[in-house]
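A.B. asks: Quick one: the structure is below, and I'll ask about it shortly.
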């Protein structure tokens, strides 16, 4: 196999195996036919066999996790390679492997299981389409708001209308400039273009007016900078934090002008400001502009004594480290940007400037026309060696506005380390502005996740604060780092509940010294931390004897239950097989009455750990008690020994204990014990148990049970034989008289869905009615679901009814199923054999044939959908349902980008403003806007869609509201909708709704927010009645620093319903660890 190049075909093979459930034979045949790619069947199974199967230790891991969640009262789904595993199969395997935890080798193997393939998840609602996670005020949520890469069109509009541009009324003719070209100094991202490269004037010192001055004093929690102005001036607009770009880096002499007193009033009309000028003023306070201005001011005064006086800048070696010049090859530059943003280079290197500029203009505001374009051009200039500072600045903006995900931040940190630029990063982090404070917190969290103790220790030595990220920092398993950390954080972080959370983390380690320090500082010992167990539980589970002793001696309660589990520390120690810890816990008063899953501690031990069971009996003085394991132990010695034992203890042994002993014997393949129990009259059907014993038996044990009179007509038994692909067991059950009239159709349905032809043939030959429905499908419908045309033809030859109606619950006719799978040959075959193209759908979550063809449940390609869809339309398939309920056809076409089919579908009768029912109803236009498809938006508008259609009551969006929620800023869609009379201040949906501005604020799309504000969006619009946020609350909750300041500058007041100001916004910011924003809001509320 080493010589086989799987890479070009691996993704498609995985889709065939996992998504389309194709057997290896079919996959191999398709690869040969399509690509002439011809590995052997054995090579396929060796390479991909693990995709659908789990090893014993992996089932052991699943067993442990599932039972833990069950005890916590939480539902579960098991996924293998991101595909759902049948719950019945999971339950069966859980019972099968749970007893094997008695074997230490098995436990070790389970503990070492990789979780890459396996995940245990909370079940999603049963949507046919993928469900979307919701946060209050926003429909689609990704972890850390990491935007997916979505190609954007080049926006065709004039610069004067671009919302990212801060407009000002400069008059180039009113000034003159003297530029000494040989004096120009480039300093990276914050450098302004030399001369008139951007069309902006450059000023000599003699021409600078003095009446409007800027005083820089950046400190978190004290508000943002405000201007001082000559009292004799004409007016006093709120204006702060920006050095005009026309003053920067022009190679002019400094003269006697203080860099702390720059004027703009000569070039901005403050007397009668235009709309764009008002917008300009609202943008000046942005923390991003403050950082730009501060660095520019430093650059301007570099080499001057005044440089050391600039507030917010460190002194000393700052110049040499921050502005260290690093040569980076052009291809490495765009690789770096691809790693830290969602931008992807398109075309030749010469096109990178326009591509990346377009990308940034959606995210970052400009202070003057062409600023970003010029800076990007400078960045990609091969002669530019200021990439480092430019990179720091753009990453700082994205981090401070929570626009990077963890992976992107990690890429940046790793790049910085690889480039040996930590000294420069240190200096950059020492700049004191809100942007850098927020950036610093992000960097610390990222470094913690990397578990790189070298850089973490450096961050500590730099004086970077860890107080707000202690919980994350304690995940670092380096005792020297943790000791240093404890010395440098505030003592209040180590006491009470805060300290208790840290102690809970340390309890699972052998860092006894750290635990002692926490307890000495008042950490709460018996704290129950969220989903975690108390500290004593965690120490016991890890087998940390010294930690257990220390916690018990410090007052840990040995009988404390976990928040979501009935286990005490003793139960944890028992399941972890920690005999010495069990003994110590008992000595400290631990009670034996606790439970492990569904069993008492003693019952569990008697079955799973006989040696520990004997110790517990001795320690507790319960030597005369009889438990399940006791009976199995005697049964293994033979039927006569068991009979004597049962006679001696008649009054202590119940029928339930005997049946449970039989069940456990069968589950562990203990044939001698099972035989002895059956010979002593134990009921083979286990009527006192939840599941009959026969459900866990293999063929040999089934034969034993049936010989003892067990009932084989147990619901699900035939299905079990099919699922485990045991044809001998299936044949045995049929031969022994399994009721095929009752159970046969369900078993046949199951066999056909999974393409098990042999099992299907056995059931049909045994007399199963081919047209009787199973749980959902008839045999033909199930075969159509499998996508196997040969099965469909076989069943048709056996007399299957092509038009059997869909069952009421999620059913499908054969044609509907074939259309949804996307098998055009099967669709044509069924139509040729009389399939009804307009057969009604299932009452619950059903689809017509046309809807099924457009539906993307099986991730069909557009090329697969279109021919089937057009075929059905030609044959008279109607896009309108007979009962008038919404069809969702247009929605499906929008999702797949099949825009050419939209007009003909509308012409055929589809409702262009049809609202889907359900939690997140959308019209097709609202959906198109929400997924950022401008062409679909235009197509639907041309077909008559209403841009102001009301949103659904639950998490609904108007088209404009939906457009502002897209993960990438799509100003083109926003502009198009407003141009077509979309209501800017349309109220939010009642539950989880947003206004357009609230959507932009939550997403952090500052240029869209600016555009909406300039178009009269209401900054203090009321939130949704339930699960709503005002604009500033949404921005604070999601960590959008510059957005928060923009909204403050535009008059945001916070909670406009309860009149509590920024209280809710501060709470949301703190809950999500956006502490710089919380401080900013506190200062604004004073």
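Note that Cβ sites are derived from N, Cα and C of the backbone, with glycine treated the same way.
Quick paste from TrEMBL:
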DOMAIN    5-49  domain 'Clr5'
REPEAT    536-563  repeat 'ANK'
REPEAT    775-807  repeat 'ANK'
REPEAT    810-842  repeat 'ANK'
REPEAT    920-952  repeat 'ANK'
REPEAT    992-1024  repeat 'ANK'
REPEAT    1027-1059  repeat 'ANK'
A.B. asks: So which residues does the repeat 'ANK' (536-563) touch in its own chain, when a touch means Cβ under 8 Å and the partner is 6 or more beyond its ends?
C.D. replies: 504, 507-510, 512, 515-516, 519, 525-526, 528, 530, 569-570, 572-573, 576, 578, 580-581, 584-585, 588-591, 594
A.B. asks: For the repeat 'ANK' (920-952), find every same-chain residue at least 6 residues outside the stretch whose CB is under 8 Å from a CB in it, and list them.
C.D. replies: 132, 139-140, 150, 153, 890-891, 893-895, 897, 899, 902-903, 906, 912-914, 958-963, 965-968, 970, 972-973, 976-977, 980-983, 986, 988-989, 993
A.B. asks: DSSP-wise, what's the residue breakdown of the repeat 'ANK' (992-1024) into helix, strand and coil?
C.D. replies: 17 helix, 0 strand, 16 coil
A.B. asks: Tally of helix, strand and coil residues over the repeat 'ANK' (920-952) according to DSSP?
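C.D. replies: Across the repeat 'ANK' (920-952), DSSP assigns the residues as follows: 16 helix, 0 strand, 17 coil.
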A.B. asks: Averaging the per-residue pLDDT over the domain 'Clr5' (5-49), what integer do you get?
C.D. replies: 79
